[in-house]
Amino acid sequence: MAKKPIGPVRRAFSPWDDPAAKPFIEFRNVTKRFGDFTAVDNLSLKIYEREFFALLGGSGCGKTTMMRMLAGFETPTEGQILLDGQDLAGVPPYKRPTNMMFQSYALFPHMNVEANIAFGLKQDGMPKAQIAERVAEMLRLTKLVPFAKRKPHQLSGGQRQRVALARSLAKRPKVLLLDEPLGALDRKLREETQFELMTLQEELKMTFLIVTHDQEEAMTVADRIAVMDAGKIIQMAPPAEIYETPNSKFVADFIGDVNLIEAKVAEKSPQGTILQAASGEFCIDTIQETPAAVGDTVWYAMRPEKIRIAHGDTPEANAVNKVGAEVWDIAYLGDISIFHSRVGEKETLRATVANITRLVERPIAWDDKVVLSWERDAGVILTA
Amino acid sequence: MSTGTQDKPRRSAGGWLLIAMPFLWLMVFFLAPFFMVFKISFSEVAVAIPPYLPTFDLSDGLAGIKDAFSTFSFDNYIWLTEDDLYWKSYLSSVKIAAVSTLITLLVGYPVAYGMARSPKAWRPTLLMLIILPFWTSFLIRVYAWIGILKNEGLLNQFLLWTGLIDQPLIILNTNLAVYIGIVYSYLPFLVLPLYASLEKLDISLLEAASDLGCPPWKAFWKITLPLSIPGVIAGSFLVFIPAVGEFVIPDLLGGSNTLMIGKTLWVEFFSNRDWPVSSAVAVILLMILVIPIVLFQNQQQKAAEKQA
């Protein structure tokens, strides 16, 4: 018997690298002010068809305002928003080809699940038979068939979330807007739903725009992430790029865990840059070139999993970048352990180690003298 | 698993007292007077103080009470069916109250809606303005309408001045004046519960409707109105129930042909000094109001249980 395909595979997809590709959604120098407060500050952004795009940032960074302007609930103070080449200015929300899944779900409490899902289709004047067919399809897709006749207050949080999703997908919008869609779910359910969202997006071939403050969520689902702060996009790139080559201290710190080491540029050469840590305890040899001049203060951002930790007598002791340290604290998380090690008086470096064996006794314990080592390409030099 | 009976919270004496208070209140100020009226409605009129017979004579003990009971009769109720004044009054009262409630709803809904949609900072002020008329005596406010509605009143003077009419409209002492009076007096009772239910309405529901392709005016019919029905019902009851038995407004603003049960009751009680018949009128009035409301609430509860 032939093996059943398990579903479409997520293929390499990068229209943003293609200069000929036409953007599907375009923000052109968009500014939004609420009184004195600037929520979105002269921001330009291109999103491509069938992309899963994430706006990531803390509360008040302007990400939700961006989404609400695209949906039509807010009007930009300045600038233009284009969807599929059409300027959206003056188009009311009910005439836009976007649908939104609200953070609060905003399910109609006086209608049952079916009626909630059918609501948008009825507005379009779709024939009854076709509505019933589409509703049945959405119920199947979101595994809500047994709950079709229930009212929202009779559903669990996870089920409500699925109704909200089904309702926003039912009209097959050109763009689906997801406003913190999984915020109210517990961790397990959230992870499951993230993968379901990705599969749905592949199957339905739609453009998804998600707004979230959860970096893990953004990294899991999105093709590209825009990290926002104070109404501006700080960095926009695929998840791996954001994680491995953050362009600023803000992004490095916001996404994942990071060691930010203050340092001075000691030596510049075509082979790379050598930095002297501000604490004076060690040098960092990197392959990266930097615009900063010798003597300038910079930061070296290095992810904890890039640092190896070992006792002084192991081969790692011969690495290019190494520093002696003392284990200060250990956090055991099950899959990994985080070691906080003191380097000299001022500096603490974090290193994570995957627990690949079932450790009964730890090879490295509190107060142990260890050597921390890393490769020349382990981190990035940041000037801002 | 449900947590068995032993987990039921034990109420302290203070807790019981708190629960007993509203019941005691109703017993003393509603149930007891009602039973007095109920009892009088079975008596017959007499030239005496009090003006009916029999009265309970406790000096004779139980036998006296038994005696009194044996003379009770349904004559007063039968009388109500024989004279068409009464059923006409009831019918006319219900009609006037129903029409007034409908008008109050048409006037009050936009008011409540506007308040609920106004900027948050304004809302306490707007609420205050709705409540403000209560600071003046109800009677004085109804009197004031005489000055507005009479032939040479403010309204007619204004309309004559604008040239819209060339002779004064006769409004005072007609049913129209009664409608105006009831709508004016009871408007706050409708606006307040309606405002409460509209204010609770989650704006994101309207955004969701709009997002799904529903223009604002349609979203009002599909979302806002259905979700404000509890407020509409509560407000309408608060207008309809007192309006049926209203006496002051038809007496001051209505004409001689304005037939309302409150006025009929007054005439029976004070002009004819026929306490037994007026008691019977009051008992029937209560039945007319209570029975449909109880039936309605039962049906509402059943509908709610069906959903759950």
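Glycine is treated like the rest: Cβ placed from N, Cα and C.
The shown structure was predicted, so the numbers you read here are calculated from the model rather than taken from an experiment.
Under the heading domain 'ABC transmembrane type-1', TrEMBL lists B:90-296.
Look at TrEMBL and you will find B:16-38 (among others) tagged as transmembrane segment.
Taken from TrEMBL, the feature transmembrane segment applies to B:96-114 (among others).
Same-chain residues lying 6 or more positions outside the transmembrane segment (B:126-146) and placing a CB less than 8 Å from one of its CB atoms are 111, 115, 118, 153, 172, 177, 180-181, 184-185, 187-188, 191-192, 195, 248-249, 252-253. Annotation comment: TrEMBL describes B:126-146 (among others) as transmembrane segment.
TrEMBL lists B:176-198 (among others) with the feature transmembrane segment. Residues of the same chain lying 6 or more positions beyond the ends of the transmembrane segment (B:176-198) and with a Cβ under 8 Å from any Cβ of it are 96-97, 99-101, 103-105, 107-109, 111-113, 115-116, 127, 130-131, 133-134, 138, 141-142, 145, 149, 224, 227-228, 230-232, 234-236, 238-239, 242-243, 246, 249-250, 252-255, 258, 260.
Per TrEMBL, transmembrane segment is recorded for B:219-244 (among others). Among residues of the same chain six or more beyond the transmembrane segment (B:219-244), those with a C-beta under 8 A of the stretch's C-beta atoms are 93-94, 96-98, 100-101, 104-105, 108-109, 112-113, 182, 186, 189-198, 201, 205-206, 209-210, 261, 285, 288-289, 293.
Annotated transmembrane segment per TrEMBL: B:275-296 (among others), in sequence order.
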